[in-house]
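Read through the structure below, which is laid out as structure tokens, and then see the notes.
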């Protein structure tokens, strides 16, 4: 009746067809037409185009809902499917017409809201039998909170403890209420205040929260938002006496609620908002909308989203989550609900709904439609070596962004009040104390004021200098009129025999004194607005490292990552040290990377993990190692000589022959003379500032970042005082501060026009280029020793990250065709970002340069890379070291070529002097595009800047365009003007992308270009010295794609001209004057150097063995015992077998699901077959049922990541490394508990399918890996589960692999029993699994502890015992969650790899439990990685 009779061009305008009785409504909204206007249009076109079948999608809801903005936006997009026609039933029709008169439709989207006749909708669905998006009968249940809670409970979904009070005369036994002063007893269940009282009707939003008298009593009354209020406080403390209610525990959520919106079981969007219970004030933005911000769901929460969607049979469903005490609880299910104001969500939702409808209904109409198989579904990309590989892991270590100058003051304090403060905050436990919180700084300020008051009364000559410092301490702490822990920090270090010679002017050693404290005050160093822009833009550029973004979503840079991320196939963790500038840099980067909006604070809270309590990214620069003291003394001695540098000095100061160092020394010539010049220039500068302050016109002058001339003068005056000591000698340690300050003023305060700053910058930079890198060691050996002292924990964590990726995903995978078709969530990318300070970046680079990664005499590529690094004079803000791990599934699983590692580097922000960095090696695909590259696949171009452009037969030297890569997102006209459902779009965009960033030479056939370049282009992130970007980081730059498409291969010359930009601007993050730049307001923000490839032909084995060797070599005798656990594990990992996937378990061929009678919520495939709708979890096709279960390691990986990444990282604090003082540290070295011993005892009991394992440690991984094979069969979809296993796996290499075999023996039986019990329908398969995976593998599975409480907890605790840095709490939470997961063991049944039936109903169980498995892993990952529960003493 309502079908289209012509094939209209619907790509530009969405068509809405309105049912009778709503003509007046048909004219509103973009693209909406009345029935009459459409009829005329159809008549006009009827003769031109033969009729095509149409699927009619009916919208049956109240007008307020069907015409809402979200619905309109989604329906507009839905109409872009060629064969879908939308019909909106008018409210008059719904309310007044009998259902027989309602328009017929093939698919019905109908949902209840106030006043909606649900009965009529149910009758209509029975009459017409349309395909229902949201089940109608279940909507009756959603209106009753009692039924909602009952269903949630049946599904095993966590919800707060509750009791129902039914005031029903027919059921007096359910109406027992005893109210006390601070508690209420409902039907025998006692609820102490605070508790929540909810009406049983879901339509009644008058929810009350009752507070205990100790907190003041009263209640908070929540209601539907009225204006700017959502609740009000009432002094009434008595519960309501009429009506039926649900009483439940109040969950402490830290003031935020999470609202989750599902679109099918495999997609969920989550937003956090201020809890209405907090103060009742609705936070609104400038447009009057409630402030919400997107959040990441944990794996367990993703599982909950799926289960809610399936249990209530609502494809589109919203529900509320409470995050409390490390758990997530569902407290409300709202039914049909859309996200407001999220274009991304509208795109995704329409695509998922459209694909769901097409999948179910298209076959009936013989409509040609198939599941789009896009390259984005698997992160396969061309690497820089030209081969097609799957991106598995990205590890980046990034320095913070542009900051204000750091300032520091040291003073010795001996007053008892300081000692009392030191003791109060636990300083004696570690000998050090950091005070950052406002209340702590207030205590310091109070003591300072008190001492100054005493000094005024009793001045003593001998402490005059201290008086000045106390005054400065007071003035700094009083700055801004309030405390912000990010801006200032006080450190106290205990010296039992008095502080040694101070760095602030005293050259002679003092005699040993009574105990004293060294107080170090640090201020400044805040991230500037420019620093935020740099970080956010770099985050945007980093998106382009990730694959995908084809088809309808190729409209803006980096959307492949966003799709990967929103569909839960991106395992992202961001770590930052505890410095405010570092944390804010990480938050700004995350904002750009994930296209988040709003302020940085909520992003920081939600996304950035603080790694400060374990030394992972922090370093105590005030406690130098003996090696650093020696180096510093030697450096100061050489630079105090008033004579030109001679050959001896060059030998002493630059034994490594660093090009940049030699250049700087040639500029300096005589260090003392240069210091004299620098001092004179500083004096001149302070004189100019004082003069400027006398100028009346400069009284209210505001400098950059709200600095005043007075503060600027203080900054320079302090440097002037400190640089030249009383003895006339210069304090070389102040040179970096001088360079820091002058660089800041030249860049940000250039408008002042101060004289001499350019010369001061030139000279101080030359000095700093000697002092800064040489403070980290002069000889190669010193550099490595100091470097490992700084970043040993980080090295261990990087090693862990690489091996975890390798271990949990290295088994044989599904054929890419199947995986693409089902959007396998196992195809995920693991990203670990570490934001830190200059010391860690210098140190890590030193390890790679001087640690012996490769022999430069044997490797020409590495030799040129070292030459490039040698020419780098400064590791500026936003310096990046990036490690990318690829897997080549075409290689033999045991081959070393299976895993491919690339090492990239960028020196960060460009200096004030353009071109101050050398021409890099380029982000080079050493692909086989010509014979020369074939013969030397590992080579890189010379450092000669002109070489690339002189070789036209190589990939073109194209430079990124700022507008598309790092500017604001733009949609591609090619894509957006076509229908989203059109397969032609997919093929066209695929073939039109000539290799993305790789603009190939004309000799390359277009077909080959298509195969090699799965991504499109992004600007700036990758060096164009050799070619215009990374093919291992396909980007999404429309410019290259759309223009490139129009140019035939023969016109590459013109394309080269079209895309070429001068090299100096190739990462134009903020060249505001560039006409194409998207960031117009940041003209002062320097651009960032692109990534250069240091090496693109490393194997995982090489890198892992190198990192292991470095960590072992620098482990001192004291830490040897505890390090044995870690190191032995890595020795195992370095053996032949572990670095390639082990023996594989063959899984039956997968079958794509045929159209089924099942509703969409039972769909085993993903809701959307396009990247945007990728599964949130392991829900692939029914083929999932072929997956076998994994060994315990899969569960424990995440534990281990933390334990090793955080706990064991601290094991070896020798040779300058920082020792983490944690209680129970001794337990680390107790040999009795070391899993190292376990392999010998337990290996013989390895699982079936694994070759009999000998007692050699090397065999252990073989157990793991077959387990992984089994695991991966289910574990692939559970990409997160492997994380957990590796986490514990890394800690106790054998604990997971063998400990489980041993310790979990008693659990094995239970595994089988509960599996069988909980999976009655799959009883046979459950037993089959237990037999097949073997009891022993089942025991390894005990990482999903079957006993929810004690057993699981005990087992996990046993495993966790050797690394106590992480306290028990996370384990307990983990064990409960994992236990819950294990109870849902249908996963295990379905995961049995021998189950051939792919379409059985048990399929759903499989998917859910795979998800559960995944959930646990990520849950653990997140909980344990945060490590916030570390004991306070560990935090110092």
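Glycine too: its Cβ is placed from the backbone N, Cα and C atoms.
It should be emphasised that the depicted structure is a prediction, and the values quoted were computed from it without experimental measurement.
If you look up Swiss-Prot, you'll see 64, 65, 224, 225, 259, 273, 337, 338, 339, 340 marked as substrate binding site. Long-range C-beta contacts of residue 339 (substrate binding site), restricted to its own chain and to partners at least six residues apart, with a cutoff below 8 Å, comprise 70, 261, 269, 271, 345, 346, 349.
All protein chains considered, the CB of residue 257 (ATP binding site) has 21 other CB atoms within 10 Å. Per Swiss-Prot, ATP binding site is recorded for 145, 198, 205, 224, 248-251, 257-259, 275, 320, 332-334.
Among the features that Swiss-Prot reports, region 'Polyphosphoinositide-binding domain' is placed at 382-453, with the record citing similarity to another entry. Each residue in the region 'Polyphosphoinositide-binding domain' (382-453) has a pLDDT score, and their mean in this model is 86.
Under the heading region 'Disordered', Swiss-Prot lists 915-998 (among others).
The phosphoserine feature in Swiss-Prot is assigned to 939 (among others); the stated evidence is similarity to another entry.
Under the heading phosphoserine, Swiss-Prot lists 982 (among others), citing similarity to another entry as support.
Among the features that Swiss-Prot reports, phosphoserine is placed at 1032 (among others).
For 1068 (among others), the entry in Swiss-Prot reads phosphoserine.
Swiss-Prot lists 1131-1191 (among others) with the feature region 'Disordered'.
Annotated phosphoserine per Swiss-Prot: 1140 (among others), in sequence order.
Residues or ranges marked as phosphoserine by Swiss-Prot on the basis of a large-scale study or a structure entry: 1147 (among others).
As annotated by Swiss-Prot, compositional bias 'Low complexity' applies to 1163-1181.
The region 'Disordered' annotation in Swiss-Prot covers 1389-1436 (among others).
Annotation source Swiss-Prot lists compositional bias 'Acidic residues' at 1405-1436.
According to DSSP, residue 64 (substrate binding site) sits within a helical segment.
The Cβ of 320 has fewer other Cβ atoms within 10 Å than any other of the binding-site residues 248, 320. Here is what falls inside 10 Å of the CA of residue 205 (ATP binding site) among the binding-site residues 64, 224, 259, 337: 224. Of the listed binding-site residues, namely 64, 145, 224, 259, the sparsest Cβ surroundings within 10 Å are found at 224. Working note on the binding-site residues 205, 250, 333, 337: by count of other C-beta atoms within 10 Å of each C-beta, 333 ranks first.
The binding residues for substrate are recorded as 64, 65, 224, 225, 259, 273, 337, 338, 339, 340; their greatest pairwise CA distance is 24 Å. With DSSP states grouped into helix (H, G, I), strand (E, B) and coil, the region 'Polyphosphoinositide-binding domain' (382-453) comes out at 28 helix, 26 strand, 18 coil. Secondary structure from DSSP puts residue 250 (ATP binding site) in coil. Cα-Cα distance from residue 224 (substrate binding site) to residue 320 (ATP binding site): 15 Å (rounded to the nearest whole number). For the pair residue 145 (ATP binding site) and residue 64 (substrate binding site), the C-alpha distance works out to 24 angstrom. When the Cα atoms are compared, residue 333 (ATP binding site) and residue 259 (substrate binding site) turn out to be 10 Å apart. Taking Cα separation as the measure, residue 250 (ATP binding site) is nearest to 259 of the binding-site residues 64, 259, 337.
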